[in-house]
Amino acid sequence: MSWLGLLAGLGGALLFGLGAVAQAHGVRRSAARPTGLLGFLATSVRDPWTMGVVAAYLAGFVLHAVAIWLLPLYLAQAATAMSFPVTALAVALVGERLRASGWLAVVVVTAGLVLLAAGSGEAGPVVTDPAFVPAVWLGVVVLAALALAGRHLGAGVLGTLAGLGYAGSAIAVRGTGTPVDLAVVAVALAVPAYSVVAFWLYSLGLHSDQVSAATAPMIVGQTFVPSLVGVLLLGDGVREGWGPAVAAGLLLSTAGAAWLAAPRTTGAGLRRDDAAATASSPGPAARPGPAPRRSP
């Protein structure tokens, strides 16, 4: 295992976790839900706050890419998924807090990620299979179609789709390297394509529900899917005798995040202080504040 890769992944996790809370604050300043991708992009490029969030994500992505190149995908994604506890700690900035059961879910997720780290082996090589390029771009098309169909759904679905987008981005990074040729360029272009759609979907989820309710399923998707693809298709290794521990780590991290993402009416560990949220996310001065939001 590369310690440089692990440190890079954890550094990216810190930026992603803080960026998620900043992104939530940004999207909640507007009463309008950003349901159109093009309109969302046009508004975002004119908003200094959103562009600051993008800058933080880009810096985090560079660190994440280093982790992907040096570590098996399941460990690189697990390290990045440590952004989840960071987000859980920082949600008070947007008027949210975790109940005791929510903190238990954070502990379960973290324990799963520790098991993944302990059982990690060597990273697979850069993908050079000619079929990789069309497969990656087919994923972009499928994700875009799912995004258009599911953009009006709840935070759990939107977070899951965002997680699949970031998963596709991570998998695509494994096809980039030297020497640079047409296939490498084509795969590299898929990375921002996945990321833009994922960023939009995550913003939709953050606009209408708690930060952690959208973040938890996103973390599951961007951790679980690349982990399986890396081990089954891309040659990522597992330490001898540690296969069950890695499987248990994936299950624990998935179960903990799914519990935290559950609707509040079924006992999830999340709650939102609407008054604090409104105070921390004011609308534009020229318009009255938006009515309290309810989960879909």
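For all residues, glycine too, the Cβ spot is worked out from N, Cα and C.
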Among 3-21, 155-173, indicate the range for which TrEMBL gives the feature transmembrane segment.
155-173
Could you check whether the transmembrane segment (155-173) packs against the transmembrane segment (101-119) - three or more CB pairs closer than 8 Å, residues at least 6 apart in sequence?
no
If we skip the immediate neighbours and take only residues 6+ beyond the ends of the transmembrane segment (131-149), which ones have a Cβ under 8 Å from one of its Cβ atoms?
37, 161, 164-165, 168, 171-172, 175, 183, 186-187, 190, 193-194, 197-198, 200-201
